[in-house]
Amino acid sequence: MSSEMAYFSGLTDALRLTFVQIMILSTIAIVVFLYGMILNFQKWGAGVTGYALEPQAGSKGSAIRFLKTWWGQVVEESHHGHGKPILEVLILDILFQRRILKRSPLRWFMHFTIFAGWMTLFALSGLMFAVEMTEKFGIELPFTPAEFREFLSIPNYIFGYILLIGVLIALVRRIVVSDVREASIMYDWILIGGVFLVTISGFVADGIRTGIIWGFGLDPTTAPPAALFHSVISLFFCIAYIPYSKYIHVIATPLAILANKGGE
């Protein structure tokens, strides 16, 4: 079995996080996320359809019943005449967001770059986790986790910049376009500001460590705490916080589109 892979995150260079510590942080974030999703499923099961709204007094929904009802709507035959096949809805309406493209190409480009960047980075993290777990179980791979992490560095850069482009467009629209600015509420600013902070902190942490572009001449000894800050805020803002914020639309909207079979 290969030697333990060193992590970039830590309080100092000598106090780097271990695999167990990262697993504990990740587990906490996932548990908080799942608890929030159960609460949302219960509210949706009670008929709540808006963000930050609560069920009527005495009304209590069931998460399991909601999921059963939703799945029943997904697989049942369309009755409104314009339902699309599930595969078409998944690819064109959810992955490529064609409904937004029909309304506004610029808004579609913004949404798609944020969605593609975010979800791909999440998937790459999942692949890294799978490789590490495979090694922990003693299964031999043709590469070490450290080598695989190095292999993922280029796609991480590419999709990080794709995400950054989308976030910058979103920020500029909210600042420059009067209609968008006037319609924005504090939750919208927290949402886009949080994604911007997560994205930039990742580039800065990597830049300090490698000395490339985003390091801004900062002392290399700050690389571990910078990486730790990025790791923690990514886990809790981009995972744990989702069910309790307007981020929930990234889950609620695809569920609704699937249930409606692509219908408006």
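Cβ from N, Cα, C; glycine included.
Per Swiss-Prot, transmembrane segment is recorded for 19-39, 109-129, 151-171, 185-205, 223-243.
If you look at the transmembrane segment (19-39), the same-chain residues 6 or more away from its ends with a CB under 8 A from one of its CBs are 4-5, 7, 9, 63, 132, 136, 231-232, 235-236, 239-240, 242-244, 251. For the transmembrane segment (109-129), the partner stretch with the most Cβ pairs below 8 Å, chosen from 151-171, 185-205, 223-243, is 151-171.
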